[in-house]
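Please find one structure pasted underneath; my questions will follow.
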Amino acid sequence: MAELTETSPETPETTEAIRAVEAFLNALQNEDFDTVDAALGDDLVYENVGFSRIRGGRRTATLLRRMQGRVGFEVKIHRIGADGAAVLTERTDALIIGPLRVQFWVCGVFEVDDGRITLWRDYFDVYDMFKGLLRGLVALVVPSLKATL
């Protein structure tokens, strides 16, 4: 479980929003795409800031489902907090393609409405991601350098 960091008193709304985001990220990690699909609102906006933006929960779930068996995903949530329906995460993500593991930090913003995610916006440093890629490539030759969560 992640460390819970809050700036306002915990309310049922903040607790529900945090749990919805945790359940979504865990389902994504476990390739439980039925749960992923159910977690995303129809009007979802999914954005990797500086890169792509996808509108629609079904479109996003379809994209994620297409990666099943091709791109693995692992997540470690370092901190998570909420203010009402807005949830902020500080985490490390790993993308796994065959033997290649690319691990990097991510800050995510989620908005939850009626238990479903309507906004998923991730911020990450491209240079940090590039370092993760380089480390992953070197680890293919020197396995002891493989990153772990």
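Counting starts with 1 at the first residue shown.
Positions of Cβ are set from backbone N, Cα and C atoms, glycine also.
As annotated in Swiss-Prot:
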ACT_SITE  Asp93  active site, proton donor
ACT_SITE  Asp122  active site, proton acceptor
Measure from the Cβ of Asp93 (active site, proton donor) and count the other Cβ atoms within 10 Å, all protein chains considered.
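That number is 23.
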When you measure from the Cβ of the residue listed as 'active site, proton acceptor', how many other Cβ atoms are you left with inside 10 Å?
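Within a 10 Å radius of the Cβ of the residue listed as 'active site, proton acceptor' lie 18 other Cβ atoms.
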At the level of the C-alpha atoms, what whole-angstrom distance separates Asp93 (active site, proton donor) and Asp122 (active site, proton acceptor)?
11
